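Structure first, commentary second.
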Amino acid sequence: MVTTVTHQPLLKLTTSAEPVRTGISIRCKNSGNESAFQETKRVSVDYDQGKHEVSTRLSGFRKDDIPKRYRLRVQRERFQKDWALSEVVDQVSELRRWDDIDGVLNRWIGRFARKNFPLLIKEMTRRGSIEHCTQVFRWMKLQKNYCARTDIYNMMIRLYARNNHIDQARGLFFEMQEWRCKPDAETYNALINAHGRAGQWRWAMNIMEDMLRTAIPPSRSTYNNLINACGSSGNWREALKVCKQMTDNGVGPDLVTHNIVLSAYKTGAQYSKALSYFELMKGTNIRPDTTTLNIVIHCLIKLGQYGKAVEIFNSMRDRRAECRPDIVTFTSVIHMYSVCGQIENCRAVFDTMLAEGLKPNIVSYNALLGAYASHGMDKEALSVFNEIKKTGFCPDVVSYTSLLNAYGKSKQPRKAGEVFVMMKKNRCTPNLVSYNALIDAYGSSGLLAQAVEVLREAERNGVQPNIVSICTLLAACGRCGQKVNIDAVLSAAKLRGIKMNTIAYNSAIGSYMNIGENKKAINLYRSMRKKKVKPDSVTYTQLISGCCRMSQYSEALGFFNEMMDLKIPLSKEVCSSAICAYSKQASIMTIGQLTEAESVFNLMKADGCCSDVVMYTAMLHAYIAAENWEKACTLFQEMETNGIEPDSVAYSAVMRALNKGGQSSKVLNIAEDMREKEIPFNDSIFFEIVSACSLLRDWRTTIDLIKLMEPSLPVVSSGVINQLLHFLGRSGKIETMMKLFYKIVASGAEININTYSILLKNLLSAGNWRKYIEVLQWMDDAGIQPSNSMYLDISTYAQKSGGADYAAVIKERVESFKRKTGNQGSTTRLHDSTCLPLH
C-alpha cells in the first residue's frame, strides 16, 4: 500500500531585488498567481516495502499565467501540455541523454513564461544529471523569450564544479559576459570552488584577484572557498596567508573557516600544527562541531596519540555532548584500533556504531575489512565481505583488494588469485594497489613466476607498475633465494624509468644479504650513495647484520661509522649488531674495541632505547670476548635491576662469564633460578652447567642434571653429551657414565666417534678392558670405524697393566675383532709401532 501526502508550502522564495545564496530572485510584480513559485513537500510512503520518499514540488507559471497571445496560440494545439514545472523535470530526467529532450520541452506550455526558466534550471541542477542540464540549458538559449540571467549561469557553473568539469565552468564564465551578464560574488565563488575541487589552487588565486579588480567585495564564502582550494592541494601555508588576508579585510572567520584550515593542516600532514590550531580555536567563542573533532581525532591517530583520540571519542558519545559521533568518527576509530593491532576492538566499535542507529557506509565496511586483512585474518575478512553484499552495497575496488590482501597475508595465494578473477568478473577494474597485493600474495609464498606474470598482465591492461611493485618483487626474490631474478627486477625497473627510492634499495640490499651475496649488496649501497639517495636506519641494519652473519666484522663496523657520520638515528638492531661486531672482530677484544662497544651501549641508554634484552646480551658477549668477567656479571645484575627479563641466550652468556671468572657456584644458583621461572635450557646452558659441575666436582648435581636432560636428549648437541660423559668418567662414575650412554642410544640421539673415544678412554682408565673391547664392537655395529689410536691404547694397556695372563686374552680378542672389520693393514702398522710381545 502506497500513501502520498502533499504538504502546504513550507518555503517562500524572496521577491526582493537582492539575490540570496540558496534561492533565486524573481520579481513577480503584479503577478496574478503568487503561489506559482511556492514549494510544496510531497511524501510518499510504501508500507509494504518499508520505504518513504520526500520530494519538493513546484508549479511554476501554467497556461492561465502566460501572456494572452501565447494562450490563444496553444489552446487549440492538442500536443501542447499544461504541465507543472516539476512534472516537466520528472519527464526530462526519465529520458536518456540521447533521447529527444527538446521534443518534450517544446510541448510544455510553460515555456512561454520567461520566469519559469530559472526554476527549471534550479530543479534540473538539483537532480544532478549534467548531460540533461546541458541539453535543457542549450534548448533554453534558443527560445525567443529567453533572457540571460546571472543566477542561471551561477547554477550551471556550480553544477559543473560539482562534477569537476572545470573547462566547461570556465567557458560558461566567459559566455555569460558575452551575453552581458555581469558576474557577481556567487559566480566567482562557484569558479573558485570548481578549481579548488580540481586542485588548481593557483587558478583559484587568480580568479580571486580578478574579482577584486572588478570591485566585487569577497564574502566569507569566497574566502572559505579559496582557503579550501589551497588546503585541499596540500598548500597549507597559502591557506594561512588567505586566512590572514581575510581577517585583515574585516571578514571574520567562522566555524567553516576553522574547519577548512584544520583540514588544510591535515592534508599537508602538519598534524602537530593542526592540534595547536585547535587549542587556539578553543579560546574563541566558536564551538567545534563533529567535523572539527573528526579532524582532530585523525591527527591524533597519525601522531600515535591513541589515548587522547579515544578520550575525545568517548566524550563525543556522552549523553550531554553537543557533538555526536558520526560515520566518519567511528570509521577513524576503527582504523586507529587496526593500526594498534587491537582487532577485537575494531569489531566492537563497528557493533557500537550499529547499536547507536548509524548505518555504516562502504568506507566503514572497508575499514573493518582492511583491519582483518592487515593481520591475515582471512575468515573474518571474508565474513565482512559477504556482509557488505548482504546489506545492499556493491563491493568496490578497495573491498576486493583488502580481501585479496587478507589471503596474501595468510599465505593462500590460490584463493587470492580467485578473488582477483572474481573482481574482474564483477566488472570491478583492478587498480595498481590490487595488482601489487596479488604480486605480494604470490611472492610471499615463493611463487615468483606467477608474481612476474601478474606484473606483465598489469602492463598489458595499461596499469604501469610503480616502485611498490618493484619492492614487492625484490622481497619475493630474496625469499626465494634467486640471485638472477633480483638482477632482472632491477634491470626491469631501470628499463621502465622507475626511479629507485630508499625503500626499493633497502628491499634489494636485504634480498642480496638474505642469499649471501654481500658484495652485490655493498655495491648496490655504493650506487645508492652515488645517486644521492639517502640511506636510513633500515639500510644500515641490513648491511651491518648481513656482514655480521658472514663474519665480515670490519665491514660491519665501517658501515656503522658511516651511519654515525650521517647522523642517522640509531636503532636497537643496529647497535646490537655493532656491539656484536666489536666483540667478534678478534678472538680477544682490545681495550679500544671494548671502549667503542661501551660507547655505543651508553649512547643507546642515554636515548632511553636500551630496554631490550638483545642489547644487553650483545654487551655481555662483548665483555666476555674481552675476558672482563666482572663487568659481565655486573651488567647482568643491572639488567635484572632495570626489570629486563633475561632470555636463555643472556643466561648462557652470564654463566660462561661466571665459569671463566671462577664463580662456578653461582652458575648452579642461576640454573636453579631458571628452573623456578620455567625458562627453557638450551645447549649453551647445559654446557655451562656441566662445566660448573666439573669445576666444582659436584657429581650429585650432575646426576640431577642428567634426569633433567633426559626428555631433551634427542636434541641435545653432541658437544654437551661428550662433556657430560667425560666428566662422569673422569669422576670415576663409570657405571653412571654407561647408564647415560645407554639412555642416549635409546633416545636416538646422534653419536659420533668422539663420543666413543671418550667412553673408551674412561673405560681404560678404570681398567675395564672387557667393556672397552665391547664398545669397539658397538662401534662396528654402528658403522663407525675405530681409529688406530684406539687399538694402540688397548695394546699399551695390555703391555703395562694387563699382566701376562690378560695380555694374551686382549691380543686374541683384538685380533678377532680386526679380522671381522677387515682392518689388517692397520694391524701391521699397530704391531710395528708398539713392538709388543704378541707370542
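Every residue, even glycine, has its Cβ placed from backbone N, Cα and C.
In TrEMBL, annotation is done automatically, which means it is predicted and not curated.
Feature annotation from TrEMBL assigns region 'Disordered' to 820-839. The annotation repeat 'PPR' is assigned in TrEMBL to 184-218, 219-253, 254-288, 289-323, 361-395, 396-430, 431-465, 501-535, 536-570, 612-646, 647-681, 752-786 (among others).
Helix, strand and coil content of the repeat 'PPR' (752-786), in residues and according to DSSP, is 26 helix, 0 strand, 9 coil. Secondary structure of the repeat 'PPR' (647-681) per DSSP, as helix, strand and coil residue counts: 27 helix, 0 strand, 8 coil. As a whole-number mean, the pLDDT of the repeat 'PPR' (647-681) in this prediction is 80.
If one looks beyond the repeat 'PPR' (431-465) by at least 6 residues along the same chain, the residues whose Cβ comes under 8 Å of a Cβ in the stretch are 397, 400-401, 404-405, 407-409, 411-413, 416-417, 420, 423, 472-473, 475-477, 479-480, 482, 485, 496, 498. According to DSSP, the secondary structure content of the repeat 'PPR' (289-323) in residues is 24 helix, 0 strand, 11 coil.
DSSP labels the residues of the repeat 'PPR' (219-253) in these numbers: 26 helix, 0 strand, 9 coil. With helix defined as DSSP H, G or I and strand as E or B, the repeat 'PPR' (254-288) counts 25 helix, 0 strand, 10 coil.
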